């Protein structure tokens, strides 16, 4: 069918793509002297049909892409002197003849992308008019010195995604027309290329290399540079880019830059985007960005900043500071009035750009107007006097209202992440007054009641039984839970109305981690000790000699319980400090999978403990029915442990439900309810446990009476000791007086 083209002498375009052509007869294009464009892509050609192309002297564009060509021989396109565009991409070309492009005097675009070339195509040196060259995604490992010496007209070169290990420093010299230079993934390049004579370069991309420094004269060689991308290198120090006055975009992310000096970006009036993310920047000069009036996008995420200079950034619309964990201070929105997209390290820093802060700003502006000087008021009055009549006054007021609405709309349009919420509050740590009153009540009762129970248990002169020891230790760990609640209540009171100023400091501080550790340790210790107490009561029914035989081993089991609780409380610290996930200093039952798994594991472990306690007490009450009640020497303590088991189990149900809801992605529980459960329901047993003992256990009154007698005895003993000392002093003084009197009498005689 190709022979039929002989009659189509006037055709200038021929599309033969996607026809599975594997062979082109030598004479198939004979007589097609007017053919200008030829598509032979997406076929099965394995070689260049040299003889068939000899008659296409007028051909201007040809594509042989998406074939199976392996080699291009010398003089393959020898008679195509008018060819301007040649596409050879997506073949299997692994070698080129040294003179394969001879004769292509008019060629301007050469596409060798996506092939199997192992060596740099030195055959291009004969293409004096070449303007666009692409040989990316090959296997070329080096670019020799003066590689493009025969291509002074080159405007664009694309050779990224090659395993380039060596690039001659003079490879890109003397290319006065070169506008774009892109080299991605050259992992072995350690030196910045010498670009002498390539002064027209507008876009330079050298990414994924090992460049550690830039020459101080880099901008002297590239005065017209507009886009500079040196990301994914090892740059440590930066020269001054002030000579590159046309720079509009700089990308330096993923380097090892430590400091931004005042002269680094000095007076780059055209710079619009600056990316410095994923470096080691810890120091930025206060005026480093002060002379960048056109800058609208700044990315400093994932660095080591502890402060951020805002001088000169009034026109900034996009700002990224996420990942700078040491940057904990608030950034005033007044210094960044045009910001639209913001990414901060902490949600609290977004409070300055929120609705509440916006209203506060407008109210402050009104206050400023109220505090204006007399001259300002006279000027305003004069302006009003120029407006005659009531209608004009209403018009002025409408204009003021419209202006305020526009201000609110502009302030609302800013998008800041991470956004504040119930677990990242702007004003109050504890949120509602219901939670605040609950936390304060729990803190006060837990501290006072547990301290009282602990005093009666461990300061009584009577013998401490095993069950009293367990109840006393439960009171001790419950007191730790009270300490945690008291600290949270204190932080809420100290930061009342302005928690955003201290939120990051508190959340990432040591105090929050200590409070979270104490909470988990106290909660788990309480459950384990309560389980042990239930088992102890069960065993005491079965064996009357339990107290004498197992009291020493009971201490070892208690120590084991504390060690297990200590291990559980340490896990979040080892797993990335999950206590710092929120200012509540507790692992939240949602968010990261590791945190959810941790909470679910705790729920399963505690549920197992409650199941063991329930089984133990069920068997215990079954023994009551069989007439074993007389074997119980302390029935009141059995009832007390049963009461603790019932209340703790009931209060643990919401916590278990919350954890499993997060595991099943059930979102019908509001954040406020979750916060109430974590802050009120979880620590509630810490104040109910001692109250139940104080109100319903007769042993408390006995121990309290013994404690009172003991205190009275100590006071009386101390008073007797003082009386004895005073008597001795009086007797001594009397003897001394008598001796003095005798001496005085003798002297008189």
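Backbone N, Cα and C atoms are what each Cβ position is placed from, and that goes for glycine too.
These come from TrEMBL:
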- 449-693: domain 'G-protein coupled receptors family 1 profile' (DOMAIN)
- 433-458: transmembrane segment (TRANSMEM)
- 470-494: transmembrane segment (TRANSMEM)
- 514-535: transmembrane segment (TRANSMEM)
- 556-575: transmembrane segment (TRANSMEM)
- 595-620: transmembrane segment (TRANSMEM)
- 641-664: transmembrane segment (TRANSMEM)
- 676-696: transmembrane segment (TRANSMEM)
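Highlighted: of the candidate stretches 470-494, 556-575, 641-664, 641-664 has the greatest count of Cβ pairs under 8 Å to the transmembrane segment (595-620). Note on the domain 'G-protein coupled receptors family 1 profile' (449-693): mean pLDDT across this stretch is 85. Same-chain residues lying 6+ beyond the ends of the transmembrane segment (470-494) with a Cβ under 8 Å from its Cβ atoms: 428-430, 436, 439-440, 442-447, 450-451, 453-454, 457-458, 464, 502, 506, 511, 515, 518-519, 521-523, 525-526, 529-530, 532-533, 536, 558, 583-585, 637, 640, 644, 679, 683, 685-687, 689-690, 693. Remote same-chain residues near the transmembrane segment (676-696) are listed as 430, 434-435, 438-439, 441-442, 445-446, 449-450, 452-453, 471, 474-475, 478-479, 481-482, 484-485, 488, 519, 522-523, 526, 584, 586, 588, 639-640, 643-644, 647-648, 651, 654-655, 658 (criterion: CB distance under 8 Å, separation of at least six residues from the stretch ends).
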